[in-house]
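Asker: I grabbed these lines from TrEMBL:
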TRANSMEM  B:35-53  transmembrane segment
TRANSMEM  B:60-80  transmembrane segment
TRANSMEM  B:86-107  transmembrane segment
TRANSMEM  B:114-135  transmembrane segment
TRANSMEM  B:166-185  transmembrane segment
TRANSMEM  B:214-233  transmembrane segment
TRANSMEM  B:239-260  transmembrane segment
TRANSMEM  B:267-283  transmembrane segment
TRANSMEM  B:289-305  transmembrane segment
Amino acid sequence: MLARGAELLVDGLARGMILSLLGLGITLVFGLGGILNLVLGVFAVVAVIVCSFILGVVPELLVAGVGGVAAVALFALVVDRSVLSLVYEEEGEDRELLGIFVTLGLSLLFEGLLFVFFADSFFLESDVPSIDLGGASITGSSIAVIVSASVLFGLIYYFFNYTYLGIATRTVIQDETGSILCGIRPRRVQSIVFVLSAAIAGAGGILYALDAEVAPASAFELTTFAIMVSIVGGVDSIRGTVAAGIVLGIIITVAGALFGSYLSTVTLFAAAIAVLIYKPEQIS
Amino acid sequence: MNVTRDRLVTPLVFVALLAVPLLFFDPSTTYISRRFIRVIIFAIFAMALNIIFGETNQLILFMGGIAAVGAYTTALLAQYLGISPWLTLVVGALFAGTFGALVCYVAARRQFTVIVLAIVTFAFQMIISEVLVGLRDITRGSTGFPFRGLELPAVEQLTGLGPFAVQFYVLVAIFAAVLGVYTWLKRSKYGLAFAAIRQDEFAARATGVNVIRLKVFAGFVATFIIGLVGPFYGQTTGLIIPSLFSFNTVDVLVLIVLVLGGLRSRYGPLVGAAVVIYIDNFLGNFGQWRTVAFGILLTILFLYFRDGIVPSLQSLVDDREFPAALSGALGRGKSK
């Protein structure tokens, strides 16, 4: 019983860290520029597909993973410089609405293309062996996820606290006009952070694929999960999103084991609705 | 000038609609009849969205879910009570409308922005989809159940029309009723209040407009309509299944229909639905390229063509009739 509980907790932690990464992808872009990026799940899936193709040539997961993330970053840069530039021309609520519709259109476009050209499902194998901890069997994929996600969180923490660009990003999140007065160019920061968010989502997708099959249809699901996590975390709070992801990951894993998977998904959406009703002013 | 044109356009539209079954419906090829029925259903969905989003700026993204609430309530209640779904149709619509009104009430009370309401309703859409699949004992899960109850055999016999033609006329009647309600709303003090809310909510409140009541009212009307048409939508395939009511199959299409046809225009939803369903059927043979095409359409529509077909045509016609720059400015002012 205790061992089973520990297994669930570790699996939930691993799942939660993935959710945190995906949620960060939403939080960074929405907090920074008011665009709810519905293409995020596509970035995650594309990273997995590129990663699995590289694995066919170079059988080293770390190399392939970095390759997948780099490819997605490039992809995101193209999207940002082309279509999103038009969205950023609007301001306030107009930009938020246009952002939703345009990224929804783009996500349909890319999902459709994924369905046409890469209809298979993809699964990535980690070489980490399962270990036995006091009777609880901890799966290799969970260990791989927790270790890699921890490293990524460390990097993200370093970026936002100790680099010029990271601090500039936080400045723009807090006050776009103020940041201009400080000599920061918001549009440039927005571009860089959009690429960064896609890379984080790509990494999240690759970690997700260590434990579950990823198919083009996963893109929509991953986007919705990411949005819900980001909302529960407070939408423009980086720490809040990480915490929300981990807590929700553990809750839905435990709820899924106890009540079945559909109720655990319902829990996630219900939590987001509850948070929005309680604190609607956080998105404004 | 607009009123005279309305007097011309409205009879023309309805004569055309009434002639559709006589001209195109053929008992041997049901898919053509189904296509027209889909057009009118999506036109009604888009008119409902026009009332809630176009008029009061409340973006709802659970239209598929609301249609499902209407359809499942109507069908399951009729089965449970052993009565005709014609009797439970209004119950389903009322249930859907009450749910929609409740969501709008909370949203208005808590002063949700457009985005917050969009996300909340989207989350509800996901929950409804999950519950429909998950509550297998009641909803029969993802395989669904056959549904054909909303037919009028007596009328079919009396008039000699086929079931699809009768179905189409019933939907045209609902379309007419919704159009009537919308026209009345726009021309009454409600239309004025809606415009005030849309332009500046705080100023509207300051001048004595009861914003919460009006938003809830618009929300109720819109979701009631969607819930009412939901069972007919289920009947088009003869099978009520959760995937029929998903975000991608309903909400995305309705959004495209409304924006393409023209937000806040009376006949925009019908024109938009005709074009979108035609494209949808045309692309149906190309598998997932259909998704690609709609993605491109949605993106381009919102970036470059937010005026829609009907308002654009109107201002074009106005410009030609009255060459003076003044009337062009007036026409554009009106379509805004």
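Glycine too: its Cβ is placed from the backbone N, Cα and C atoms.
Tell me about the surroundings of these features in the structure.
Answerer: Nonlocal intrachain contacts for the transmembrane segment (B:35-53), taken as residues 6+ away from its ends with a CB within less than 8 angstroms of a stretch CB, comprise 17, 20-21, 24-25, 59-60, 63, 67, 104, 164, 167-168, 171-172, 174-175, 178-179, 182, 185, 218-219, 221-223, 225-226, 229, 232-233, 236, 250, 253-255, 257-258, 261, 263-264, 268-270, 272-274, 276-277, 281.
Listed as Cβ neighbours of the transmembrane segment (B:86-107) (distance under 8 Å, sequence separation of 6 or more from its ends, same chain) are residues 52, 58, 60, 66-67, 69-75, 77-78, 116-117, 120-121, 124, 149-150, 212, 215-228, 230-231.
Within the same chain, residues 9, 13, 35, 38-40, 42-47, 50, 175, 253, 256-261, 289-290, 293-294, 297, 308-311 sit at least 6 positions outside the transmembrane segment (B:267-283) and bring their C-beta atoms closer than 8 Å to a C-beta of that stretch.
For the transmembrane segment (B:289-305), same-chain residues at least 6 beyond its ends with a Cβ under 8 Å from one of its own Cβ atoms are 248, 252-253, 255-256, 259-260, 279-280, 283, 312.
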Asker: Residues sitting near the transmembrane segment (B:214-233): Cβ under 8 Å, six or more positions beyond its termini, same chain?
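Answerer: For the transmembrane segment (B:214-233), the sequence-distant neighbours (Cβ-Cβ under 8 Å, at least 6 residues beyond its ends) are 37, 41, 44-45, 47-49, 51-52, 55-56, 58, 60, 63, 66-71, 73-75, 85, 89-90, 92-101, 103-105, 107-108, 147, 150, 167, 170-171, 174, 178, 181, 185, 190, 193-194, 197, 244-245.
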